[in-house]
Each structure stands twice: as C-alpha cells, then as structure tokens.
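Down below is the structure, laid out as structure tokens.
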Amino acid sequence: MLLKFEASSELRLVDPSVSLTVLRKIRLSHLPDMTMTSESSGKKCGEGDGKVAGKSQRKVGLVYDETMCKHDTPNGKVDVECPDRIRVIWEKLQLAGVTQRCVVLGGSKAEDKHLKLVHTKKHVNLVKSISTKKKDSRRNKIASQLDSIYLNGGSSEAAYLAAGSVVKVAEKVAEGELDCGFAIVRPPGHHAESDEAMGFCLFNNVAVAASFLLNERPDLDVKKILIVDWDIHHGNGTQKMFWKDSRVLIFSVHRHDHGSFYPFGDDGDFNMVGEGPGEGFNINVPWEQGGCGDADYLAVWNHILIPVTKEFKPDIILLSAGFDAAIGDPLGGCCVTPYGYSVMLKKLMEFAHGKIVLALEGGYNLESLGKSSLACVQVLLEDKQIHGSSETYPLESTRRVIQAVRERLCTYWPSLDASMASNENLKNPSAERNSADALLREVEELKSLMAARDGELEARRKELKAKNKELEANEKELEAGLMLIRAREDVICGLHAKIESLQQERDEAVAKAERIDKELQEDRARSQEFKEDTEFCLSTLRREKELAIMAKNKDLEAKEKELEARLMLVHAREDKIHAKIERLQQERDEAVAKAERIDKELQEDRSRSRVGNGSFAFSQEFYEDMDLDELEPLSPEFNEDMDSEELEPFQVIKKNMERSHKKFIKDMECIKFIASERARVL
C-alpha cells in the first residue's frame, strides 16, 4: 500500500501497480518542498501582535522561561533530558521569525492547590522541599529512590514553572484570549503519577491543566477535554489520573513492544480502556515495534482518532507533544518527519474550534526537536497550506494494531464499528481509488505542477538574457579598467620593491618585538617567582610571629594563673592572720580582765591586811613598788620577842603577797607576749 500525503493534508491510498510507474517518471524535485514556508518571510513582523503585513493571524501563545533550564543533572553529566532541549526550540523559532508573530508569555508558577487536584499532598511537598535540601547528596538519595529521575537545586522551581505555564496557556485559550498555544516547558510531565515522579517527570503538567479547567474554572464551560499524547512513550501518569473520568478522553499512540518498552508493563496495552464512568474513554494505540513513520501515524489518525474525536466533540484539546518519535531520536527508534507532525496537528485543529494547547513532553534529538516544533507552530499560525509528499507504506504491524484497537473500542464508539468495512482499505491499497479517472486526475495535477515549473524556468531564461547584456556592458568597462591597470603596473612594481623592503624591516621589527616579548616574559616569570618567594617569606614570618605571640600569650596566661594562685594564698594567709589577731585580742582581753581581777583581789588582800590586826599598816604604793625578793626574813630576835600567835598573821600575809606577786608577774609576761605578737603581725 502506498500512502500519499498531499497539500490538502488528506491521507490518500494509491494503487502501487499503476501510480508508482507514473510517479517514478516524475522526479520529486518537481513537487513543492515538504517544509512549510511563511508567506510573510522577508516582511517586517510586529512582535506579539498576531498580525503580519496587514494580514490577520491566529493569536498563538508561546511560553518560554530560561529559569526552567536550571533543572539539570547535579554532577554536570550530560543527560538526554537536558536544558538545551527548550533552548534549541526557542532559537529555531526566533531564527524563523515566528516568535515575533506570536504572543510571548513568561513562565508562571503553579499553585499548590491546583497541583493537589491530581497529585497527593505528600508528593507536592516532596517536590517543593527539593530546593531547601541544600546538599546534593540528600537530593541524590531522593532521586535514587525514583525511576529515571535526577534532581538539583533548580528542579523544584522548574517543575512549578512547567506545570503553571501549561495551566496559564490552557486558561487563556479557554477564555478566548488566545486561539491556541505552545508551552515550551521542562521537565516533562506525562509519566508523573499522583504520588510518584518518574521518567524525567516531576508534575503531570497536562493533567494539572485539564483538572484546573474542569474543576477550578466552571465559568469557562469546558465540559469535555481531549488529551492526545503522541510521545513515543506511554503517558502512564495521565492515564491513571483520569482512569474513571468520562469528561476526559485520553488518546495515546506509543511504542509498547508487548510491554518491553518504557514504562514497561501492560498499562499501555489497547485493552486498558478505563473503568467505571471512564470506561471507553482511554484509548491506547500500542506499536509492536520501532520504525513507525508518517504513514503509520496518519493511518491511526484517519482510522481511529478522527472518527472518535468527531463523536466526542471536545471543548478543548490538550496535546502532550513529545517529539521522541521523530527521525534520529536516540530513545524512540521511529521516523516521523516534521511534515508528519504538521499534518497530524492540522487534522486536530479542525475540532474544538481550533482551541488546542501543545505542552512539550519528550524529544531528545535536538535537530529533529527544533524542526518538528517549528513545523507545529507554523501550523498553529496557519501560515500556508501544507505541502509535501511521501511514498511510504504503513507497517504490517500497524494494520494489526489498528484493527485490534477498533475491535476493542467499537462497543464504546459506534463510528469505529460503522466504518469497519473501511478497515479493508488497509489490506487492499486500491479499494479507495480503483478507477482510472482518479489516476488521471492525479496525473493532471502533476502535469499542472510541471507546467508551472516550466513557466518558472522560462522566466529564469529571460532573466539570464538580461543578465548577459549586463555582463557585456560590464566587460567593456573591464577592458577600459584593464588599460588603467597596465598604466599603473610600473608604479606598482616600484611599490612592490618598497613593500619588500618595508616587509624586511617589519620582519626585523617583529623579530625584535618577539625577542623583547620573550625577555619580558622571562622578567615576568622571575618577577612572579620573586613575588612567590616574597609572599612565602612573608607568610613564614607572619606564621612565626603568630607562633611567638601565641607562646608569649601562653606564658602570660601561666604567669597570670600563678599570680592568681599567689593572691589566693595571700588572701588565705591574711584570713588566718585576721583570725589569729582576733584570737590574740580575745586572749589579751581575757588577760586584762584576769589582771584586773587579780588587782582587785590584791586590793582586797591589802585591805584585809590593814584591818586584820591593826598592828601594821602598809601603804598601797609601798606594796606596788615593793619587790618581794628584797623582803628579808624576820630577824630571830623579832621572832623571839613575838608570840607565835602574834606572828602568824604576818606570815599568812607574806605568803599571800608572794603568791599574788608571782601570778601578777606571769600575767604581765603573758600580756607582753600578746602585745609583741600583735606588733609583729601588724
């Protein structure tokens, strides 16, 4: 079967037994270029005003924010999902002059309450906390527990911007402020599930936008949303979030390889059609192998997606625009061209009044990514009718998959059942067009194209003749100029000699300059070496000085501690001395009191001695001045003259005086000792 993609964007089935013979006689160079060209190229564009050279254009919104490039691998290792993905797209659009004709919007951060419409609170908090976990090791630990995820300090902000930007564009399109839009965002989102990040995806951007329109903006009257996912990988996260929701029709065409292609398992199988109210509203078209191209995708569009979309009648279309099915993608292994993407998008724009929002998902070949994105934006702008041609067949596995999907879903979508007979077209290439008239019309179209090209060639011939006349006139001018040149040859010869001498002088000057430069470099090297030595010496001196100061400080601290210890000893000794002084004062006071008591007793004894017998009277002054050692014993004669009874009182008095005197002497010595000790201490 031969699939021909014509300017009308229709998929036409051509009988290879007839048309190949004709088409091979006509070189494809006679057909228009497959890439879309802008009618306004070379004309001045008004930036973001939606008008080109006075012609009204669709209002196309573009979101790009360089902040999303901060999301990168923490160790600088190159990954396929890299910041250059969105940079390449933006540069491609700028070079083509497309950004000036669109409404350029900055990024917008998503609100937590909108994210929690499809994600759990725990997951939202985890992504938010990534930026606060300052150590990469902690982020790496979190990433290691997830599937195909890397994180750095900018990941959280980029994820919030990606989700919020898709919400922003979708809201403006639903409001009618924009006709359509393309959110050039990263990280992608269709793998992210309600409670888990995976497959490069942190938040499910498209799912957040769809839930926002349905639940947060009922005033926009968006009741049915079609989510188309043409990324080469199955959008497992989006499928699970709307598994039971009949308001959202999810259509995903992807590589499945019987469950062995990422994200693996049976989630992407065509039997996964939804559950409960959402049964029949989840459509998976799983490729059995790689190598699928434009013909395969457009066959799916014509035989499954377009009929179902006509029945569903969406109010808005959200497109998970992954370009990893493009030619040369390192992960996809398929070969969709920019032309193929543009035709698929053009067909979708026939629904929902053209209200369609593209959100970037995958795509890891930078060249294919840029070209495919540009082709899609040009379709959004409705630059020009799509031109192109491709002589390719859908794979046999594509026919099997389309038939299996239609049989599985025909109970939910009558249009698939009603057109089952047309499925035979996939088996019989000439079923749609088996008449000679159709072939003749095609040949006539090709002839008209060739006639137009012949007209262009004739115009070129006329231009060449005019240029030949100009060349003849120029030749005459050149001959006149040649004569002038010959006249100046002599002057030039002299100048050559002078130039040679100047060149020689210049060479000598250059050699001298090189020599001087070499000497300067040597001087700089020596100066640098001297500088390094000086700095080393200074640093050594500073270090030694610091060490000496530290040693001196230690000595001072030791001395200070020693002085503090001595001071403590002095204070202790002073306390002891004060205590001893107090004790001595107490003893002195006691001795004085004792002396006073003794003196009182002596006075009493003296008074008794004066009145005892009345025979002798001794004055107090005599007693105080008397030295008992000078008392001589009574003379024998005196003893003989007195009776023993008369003598007895005198003897008693003498003994008492001797005893009191000795006691007084002892007390005085004690008082003197106390006084001397006190004087010594003071």
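Quick reminder: no glycine exception, Cβ is built from N, Cα and C everywhere.
What Swiss-Prot records for this protein:
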type	residues	note
ACT_SITE	His191	active site, proton donor/acceptor
BINDING	Asp231, His233, Asp324	Zn(2+) binding site
COILED	430-608	coiled coil
REGION	59-382	region 'Histone deacetylase'
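What Swiss-Prot annotates, mapped onto the structure for a quick look.
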| residue | record | Cβ within 10 Å |
| --- | --- | --- |
| His191 | active site, proton donor/acceptor | 28 |
| Asp231 | Zn(2+) binding site | 26 |
| His233 | Zn(2+) binding site | 27 |
| Asp324 | Zn(2+) binding site | 26 |
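Other than the site residues Asp231, His233, Asp324, same-chain residues with C-beta atoms no more than 8 angstroms from the centre of those residues' C-beta atoms, the Zn(2+) site, are Ile232, His254, Gly322, Ala325, Leu331, Gly332, Glu361, Gly362, Gly363. When the Cα atoms are compared, the residue listed as 'active site, proton donor/acceptor' and His233 (Zn(2+) binding site) turn out to be 9 Å apart. When averaged over the coiled coil (430-608), pLDDT in the model lands at 80.
In this structure, Asp324 (Zn(2+) binding site) belongs to neither helix nor strand by DSSP; it is coil.
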